[in-house]
Structure formats: structure tokens, C-alpha cells
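Here is what Swiss-Prot says about this protein:
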| type | residues | note |
| --- | --- | --- |
| BINDING | Arg51, Thr52, Arg101, His129, Gln132, Leu264, Pro265 | carbamoyl phosphate binding site |
| BINDING | Lys80, Arg162, Arg225 | L-aspartate binding site |
Amino acid sequence: MKHIISPLDLSLSELSDVLNLAEKIIVDPKQYSECCQGKKLATLFYEPSTRTRLSFEAAMLNLGGSVLGFSSADSSSAAKGESVADTIRVISSYADICAMRHPKEGAPLVASTYSSIPVINAGDGGHNHPTQTLTDLLTIKNLKGRLDNLTIGFCGDLKFGRTVHSLINAMVRYEGIKFVLISPEELKIPAYLREEVLDRGNIPYEEVKNLEAVMPELDILYMTRVQKERFFNEEDYIRLKDSFILDAKKMEGAKEDMLVLHPLPRVNEIATEIDNDPRAVYFKQAEFGVYARMALIMLLLNVVPQE
């Protein structure tokens, strides 16, 4: 049995399996509509979510399975003090696979040690978000045609942005990748990521504070919001929330085939005037999240149809 707590829990070969299957689903989703008949997905969401929770539910329903779970800690026995370990022990007897989101880093890892069913990390604090990474990789692969030889800019909250941390961990395994890290000083990527992943792996990167200046070199621009829920001091949030805003003027300097990604939700970091630019693919990215999760669920449950 395999748990997906980090993108690194999938080898490059396994990543390829997920992405290739997801692309087949994009072409003909109805072919897989009965793969999970009789199977149940438990969604244990201790933290608010729109896209991740609903796309997991849509994925399982599209596969012919069913879903049970909760959408906030307050609506579960966590509000009474029940531990993650006890919760997952019980849920393991109710479902065949589990997706967990939790505000505490490492909670899904704890759950996996007590679970008798596969656990998928649907986001743990500011740490990891592996299924968003699969969504991002699928979007890039499908729309750019490759996952190597890319210059990728990450802009905004790189300190608390778990989607950024996960995608960096995944992309460093491909050839010819360069990162441009665009953030205010207070929201730079964590030191462990810089030292243990980028520096140790000799991955080329630059840290800058001016988005417009680096736009011409980017193949991918990954925008993020400044996350109010990660700040202890509201004054710091207010001071930093408008640090980087992507608008039509900044897009003038970008390549014609650059892609703008965003894990969503956005607040004001991408002007709505960008939405109709063909390079803005964040809504397509959200759609691809369903297909990526369908593929992962099928592979973890070993229900992929034989060709």
C-alpha cells in the first residue's frame, strides 16, 4: 500500500504513469466511469477548501465511486479533541482511500502511520500539497508539451506557499530547469528548501524583487496569493498583501507562449483583465485537477483498466 504525503513519494516513473493516465482521461473520461464502483473515498478536511475537496469528490464520483467525510474540523470529533491517529483508525474501516487536509504540517504523515488504507495529503499547513503538484505538472505537460528545459518563475508568498514548495521538489528532478523566485524579503522560500533542495542539487535559481524585470525570460509564471491565514500579525499581512500584482502592462513583456498558473483562490494578485489572455491558464489548471486526482486514485487502488 502506498501513501502520497509528498511529491517525492512518487518516482519519476510513477509521476509519468499518473500524468500519462490523466491525459488519457482528458481525451475520454467516460471510459473510466465505472473503475471505482463499490469504492469509497473519505475526505478529511480540517481546513477550508473549495477546489481541492470538490475536485477529489468529483474525481471519485466520475470514477463511479462514492464519497464520505467532513469539510471542517468543527464538524468532526476533532472539535471534541479526537486525535488524527484515532480518526484515521476509524475511517480506515469505512473507506478504501483517504484524502486529508490539515493546518498542521506533518498531520497526514501521522495519519499514514495509523491507516490501513492509502492516505493522500491534500495540503498540510505551509508544507506540501502533492496533488496540486500533479495538477500543475499535468497542466504544464499538456499545454507546453514538456516538463524539461523550462524557466519557472514563482511569485508572491514563497515562504508559506505549500504549492510552491511541492512543485519545486518535483521539478528539480527534470533536466534543464531554472527557477526565478520573486517575493518580498519577508516571504522568501524557506531556508531548508534553498539549502537542501536547490543548493545541494546545484539547481540554477535567482531571487529577485521585481516581477516586471524578469518577465521576458519566463516560460511559466506561477502566481500565488499572500495567505492571510498563515500570518500571526495582521499588520504584516496588510503590508505585504499587495506586493506583486500581475496586470496587462506586465504581461506585455512576457513571451507569447508563456503560461500563467495559479493554484487559486486568488485575491487581487492577478488582475481580472488577464483572464481572457490565452496565456492565463489557471482555470484550465483547476479543471485538470480533477483528471490528475482521478488518475492518482485509480493507480493507488489498482483499478486501471487493462488495455
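The backbone N, Cα and C atoms fix where each Cβ goes, and this holds for glycine too.
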**Prompt:** If you count Cβ atoms within 10 Å of the Cβ of Arg101 (carbamoyl phosphate binding site), leaving out that atom itself, what do you get?
**Reply:** 24
**Prompt:** Using Cα coordinates, what distance in whole Å links Pro265 (carbamoyl phosphate binding site) and Arg225 (L-aspartate binding site)?
**Reply:** 8
**Request:** Determine, from DSSP, whether Arg162 (L-aspartate binding site) sits in helix, strand or coil.
**Result:** helix
**Message:** Is it possible to get the count of other C-beta atoms within 10 angstroms of the C-beta of Arg51 (carbamoyl phosphate binding site)?
**Reply:** 18
**Item:** Residue pair Leu264 (carbamoyl phosphate binding site), Arg162 (L-aspartate binding site) - Cα distance, angstrom, rounded
**Value:** 12
**Message:** Tell me the coarse DSSP state (helix, strand, coil) of Arg101 (carbamoyl phosphate binding site).
**Reply:** strand
**Item:** Residues satisfying Cβ distance under 8 Å from Thr52 (carbamoyl phosphate binding site), sequence separation of at least 6
**Value:** Ala99, Arg101, Ala122, Gly123, His129, Thr131, Gln132, Gly289
**Request:** Determine which residues of this chain, when Arg51, Thr52, Arg101, His129, Gln132, Leu264, Pro265 are set aside, have a Cβ within 8 Å of the centroid of the carbamoyl phosphate site's Cβ atoms, and list them as they appear in the sequence.
**Result:** Ser49, Thr50, Ala122, Gly123, Thr163, Pro263, Gly289
**Prompt:** Once the chains shown are all counted, how many other Cβ atoms turn up within 10 Å of the Cβ of Gln132 (carbamoyl phosphate binding site)?
**Reply:** 26
**Request:** Please list residues from the chain of Arg162 (L-aspartate binding site) whose Cβ is under 8 angstroms from its Cβ, counting only those at least six apart in sequence.
**Result:** Gly123, Asp124, Gly125, Gly126, His127, Asn128, His129, Gln132
**Asked** Here are some binding-site residues: His129, Arg225. Which one has the most Cβ atoms within 10 Å of its Cβ?
**Response** His129
**Inter-residue Cα distance where the pair is Arg225 (L-aspartate binding site) and Arg51 (carbamoyl phosphate binding site), in Å** = 15
**Item:** Annotated carbamoyl phosphate contacts Arg51, Thr52, Arg101, His129, Gln132, Leu264, Pro265, maximal Cα-Cα distance (Å, integer)
**Value:** 16
